[in-house]
Amino acid sequence: MNDPIATPRAFSASAPLKGRIAIPGDKSISHRSLMLSALAVGRSRVTGLLEGHDVLATAAAMRAMGAQIERREGGEWVIDGVGVGGLLQPREALDMGNSGTSTRLLMGLVASHPITATFVGDASLSGRPMGRVVDPLSAMGADISASPGGRLPLMVRGLAPAIPLSYRLPMASAQVKSAVLLAGLNTPGITEVIEPVPTRDHSERMLRGFGADLTVDTDSDGTRHIHIRGEAELKPQVIVVPGDPSSAAFFIVAALIVPGSEVTIANVGLNPTRAGLVAVLRAMGGDIEELDRRDVGGEPVADLRVRHSALKGIDVDPAVAPSMIDEFPILFVAAALADGQTTTTGLDELRVKESDRLAVMAAGLRAIGARVEEREDGLIIDGSGGDTLPGGATIAGHLDHRICMSFAVAGLASKAPVTVDDIAPVATSFPNFEALLAELQA
Ligand SMILES: O=C(O)C1=C[C@@H](OP(=O)(O)O)[C@@H](O)[C@H](O)C1
Ligand SMILES: C=C(OP(=O)(O)O)C(=O)O
């Protein structure tokens, strides 16, 4: 799915960013909208779906397993589901492209259906650990043969009826949680996921919205016990996908670090399990105002007005990490422009994303003149105090959209241009990133 010919792109010191933009739909909610609609009985309609490569990989896979999925003119998606238990054997390998979410959640779905599916992906995805879903899904009875190290390509032979499981998550991962809950959808009895550290809760909200019997009990120490009753019948839904806070993050930081900027980002999802970056940037002195807080599709949403701000370095509490796990690359850029030191810890999970985001961000920021120390589980960054960075380097994006966009934003506050070696990966999550940037620069 990635362009075999690299498309380098240079980003240079920017005039103030001004104006109002709307960012595309939330990637996590878009994946789940397609999967759950494809399992409902009847026709669902989705607007605001993110039409990035990752989500399109999910759409293609659900089609290959029997769902009818169509994009109508005007951007509405219409999905005719097969019903829980009704997924068909795909004829060919499911190409997951660059998408960890597609892979892990779909492995969960296949695990409790009487079908066999092979999962393949690009070079980045093929290096990422799948053992974290192989373990619980095998315990539910799926027969999974993975490549060495628990990697792709791998084959899942589902078991129906599967065996209900009570599973305590060994790492904070919404993908692993969701894989087990989705497997539980077609498993007789109650499947339980025990979540010691809360992660994004879109699966729970949406499963309930589709009519599944799902309950959450929280212990006094915050541990969540999520129960789903299997062999559920899902009812079709009309879904409006809110804007993706992980995409908004790039323009929030861009507006904060480019002098003279004032930008309004419309329709940003602010589910508390996703909104960590806004709180951290405010603690650094960022001027981020919430306008018109409202509810879109069962998720809190607001427009954000962001003005250029003098940022100061802080110690980021590792407890907020799961609520901003994909936003650390762009936070590191903000920290590189702040006054004083920013420390981050507890970020081991960043090493197994589309790239090793700690190593790649540390190397790239150093290459453009920032002062960065890489630790096992985080970065320590001594900021420039608001001065532009030297820039003038070409950054390897390692097939990681968030790395590419982070260095694009860094280029806007650098003396010499910052070149991203291949801009193509941005289309996995944010196809109109460059177009929106150009709008704000016009
Ligand atoms: O469930 C999801 O939609 C996601 C969960 C997170 O991954 P992990 O579960 O690996 O933390 C996140 O990084 C990813 O972009 C999307
Ligand atoms: C980690 C990410 O996605 P995925 O795991 O779905 O590839 C991301 O979008 O930053």
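Counting begins at 1 with the first residue displayed.
Glycine too: its Cβ is placed from the backbone N, Cα and C atoms.
According to TrEMBL, the domain 'Enolpyruvate transferase' annotation covers 14-435. The domain 'Enolpyruvate transferase' (14-435) scores a mean pLDDT of 98 in the predicted structure.
Taken from TrEMBL, the feature phosphoenolpyruvate binding site applies to Lys27, Gly100, Arg128, Gln175, Arg357, Arg402. Sequence-distant neighbours of Gly100 (phosphoenolpyruvate binding site) (same chain, 6+ residues apart, CB-CB distance under 8 A): Leu125, Arg128, Gln175, Lys353, Glu354.
Sequence-distant contacts (6 or more apart, same chain, Cβ under 8 Å) of Lys27 (phosphoenolpyruvate binding site) comprise Leu50, Gly52, Asp54, Val55, Thr101, Asp244, Ser246, Ser247, Ser429. Under the heading 3-phosphoshikimate binding site, TrEMBL lists Lys27, Ser28, Arg32, Ser173, Gln175, Asp326, Lys353.
Taken from TrEMBL, the feature active site, proton acceptor applies to Asp326. When secondary structure is read from DSSP and collapsed to three states, Asp326 (3-phosphoshikimate binding site) falls in the helix class. Around Asp326 (3-phosphoshikimate binding site), the C-beta neighbours below 8 angstroms that are at least 6 residues distant in the chain are Ser246, Ala249, Lys353, Arg402.
Counting only the Cα atoms, the space from Arg32 (3-phosphoshikimate binding site) to Arg357 (phosphoenolpyruvate binding site) is about 25 angstrom. With respect to ligand 2, the binding-site residues Ser28, Ser173, Lys353 contribute Lys353 as residues with a C-beta closer than 6 angstroms to one of its atoms, given in sequence order.
In the vicinity of ligand 1, defined as a Cβ distance under 6 Å, none of the binding-site residues Arg32, Arg128, Arg357, Arg402 are placed. In three-state terms derived from DSSP, Ser173 (3-phosphoshikimate binding site) belongs to neither a helical nor a strand segment and is classed as coil.
When the Cα atoms are compared, Arg357 (phosphoenolpyruvate binding site) and Ser28 (3-phosphoshikimate binding site) turn out to be 19 Å apart.
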